[in-house]
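*Asks:* The domain 'Aminoglycoside phosphotransferase' annotation in TrEMBL covers 32-276. The ATP binding site annotation in TrEMBL covers Asn40, Lys57, Glu111, Asp112, Leu113, Asp246, Pro247, Glu248. TrEMBL lists Asp229, Arg345 with the feature substrate binding site.
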Amino acid sequence: MSNYHPLTEPEAIQIAQSIPGIFEPQGELVSREIGDGNLNLVFHVSQPSSGRSLIVKQALPYAKVVGESWPLSLDRARIESEALLIEARLAPGLVPRVYHADHEMALTVMEDLSSHKIMRQGLIDGGTYPLFAGHISEFLARTLFFTSDLGMNQQEKKTLLGSFINPDLCKITEDLIFDHPYTDADTNSFDDHLRGDAELLWNDAELHLEVALLREKFLTHAQALLHGDLHTGSIFITPESTKVIDPEFAYFGPIGFDIGAVFANLLLHFASQEHWASDESSRGARRQYLLGTVRDIWTSFDNTFRALWDEHGVDRVAKPKAYQDDYMRRLLQDSIGFAGAKMVRRIVGLAHVADIDRIPDAGVRAKAQRIALAIGKSLIKNNRKTSSIDRLIDIADSAARG
Ligand code: SR1
Ligand code: MG
């Protein structure tokens, strides 16, 4: 019988006290539940006298955002802690340190990153992060290459894949990203002024074909170990440092899904500039910064992934340059298609983004939402025709111009 139960704040303190080397022996600990995500409890445990702290994160057996009517496997906590350990090995310094994991209690004790900001909020506050493109492309290239058939022993990969079977969390993505936004589903949630835009999505055969192809890739293409939910709420940031958190959606899937998630969230923020920028000229500058970041991420990812392949490739059959070029072109196309799907879902689906939802004026919000939908739909429809990141930049620019 399992001992699992949701932790209280005093229990989070007890667990924190059992971790060696963090707190001073004397000095009271204080615990606060700070989880503001959709799924988990997050306790911040600190020792005011020493200024030391850590995080105790615990999965709930249901989706917090909906309630107990939506049960979710606790195994996602094991998946998250194991993914963090793999990511720490492959991309050192780019994820929080894991101090302890208890799979039965579905909890992970990890480094507190309160010195950083959640990137979504950082962007909303007008922050710029000049090192981000380099950091995230390094994270993406190293974690994805070294867990793919290009960069790891192919039999060991099959065994590792068995530890990352994540059906409940994949089902969330399959439904909320690749299905519900394209039909009149109960889970959808959108402002009344978007009903006409939603109906267009539900009746667009060209879009439905591309979404079905992307969904098929998500269901079947076990290319590498993905983070699985790499939006700007899963990234802690400062101008100097980037830490990727929350890989509870990790599973073996198509590489472009992670890259597309980063693109999508930068582009959602691009669309939200209708409100957050103070005037036309700062809006233009901010948008150029965001598009420049997208471009830098792709360029740097492409260079790093190819360099890893040339230096550490394990597969003789994968050596031809023409194969590498073809593979990278397909990764770009997938990234663009998945980015589009991830934008559309954040406007009409269940889970939205603060960048856009926090725009107080309904007219301005509608404009931002329509820019996001226009970019999202165009990325989806054009993904298989794309051969350069410039195409994404053009699509975003022309959607913003209207
Ligand atoms: C029911 S969970 C809704 C969303 O939150 C997570 O961050 C994922 O993006 C998921 O789709
Ligand atoms: Mg999350």
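Quick reminder: no glycine exception, Cβ is built from N, Cα and C everywhere.
As the structure is a computational prediction, the values presented were derived from the model and not from experiment.
Locate each feature and note its surroundings.
*Replies:* Around the Cβ of Leu113 (ATP binding site), the same chain contributes Ile55, Pro96, Phe236, Lys243, Ile245, each under 8 angstroms and 6 or more positions distant in sequence.
DSSP classifies Arg345 (substrate binding site) as helix under the three-state reduction. Long-range Cβ proximity for Arg345 (substrate binding site), meaning a same-chain Cβ under 8 A and a gap of 6 or more residues, is found for Leu176, Ile177, His180, Pro181, Ala351.
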*Asks:* Using DSSP reduced to three states, classify Lys57 (ATP binding site) as helix, strand or coil.
*Replies:* strand
*Asks:* Whose Cβ, among the binding-site residues Asp229, Asp246, Glu248, has more other Cβ atoms within 10 Å than any of the rest?
*Replies:* Glu248
*Asks:* Check each residue in the chain of Asp112 (ATP binding site) that is at least six apart in sequence and keep those whose C-beta is under 8 Å from its C-beta; list them in sequence order.
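*Replies:* Expected: His44, Ser46, Ser53, Leu54, Ile55.
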*Asks:* In whole Å, how far is Asp229 (substrate binding site) from Lys57 (ATP binding site) when you measure between their Cα atoms?
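*Replies:* A Cα-Cα distance of 17 Å.
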*Asks:* For the binding-site residues Asp112, Asp229, Asp246, which sit with their CB under 6 angstroms from an atom of ligand 2?
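*Replies:* Within range of ligand 2: Asp229, Asp246.
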*Asks:* So what pLDDT does the domain 'Aminoglycoside phosphotransferase' (32-276) average out to?
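*Replies:* On average, pLDDT over the domain 'Aminoglycoside phosphotransferase' (32-276) sits at 97.
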*Asks:* Just jot down the residues in the same chain as Glu111 (ATP binding site), at least 6 apart in sequence, with C-beta under 8 A of its C-beta; none if empty.
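*Replies:* When sequence neighbours closer than 6 are ignored, Glu111 (ATP binding site) has Leu54, Ile55, Pro96, Arg97, Val98, Tyr99 within Cβ distance under 8 Å.
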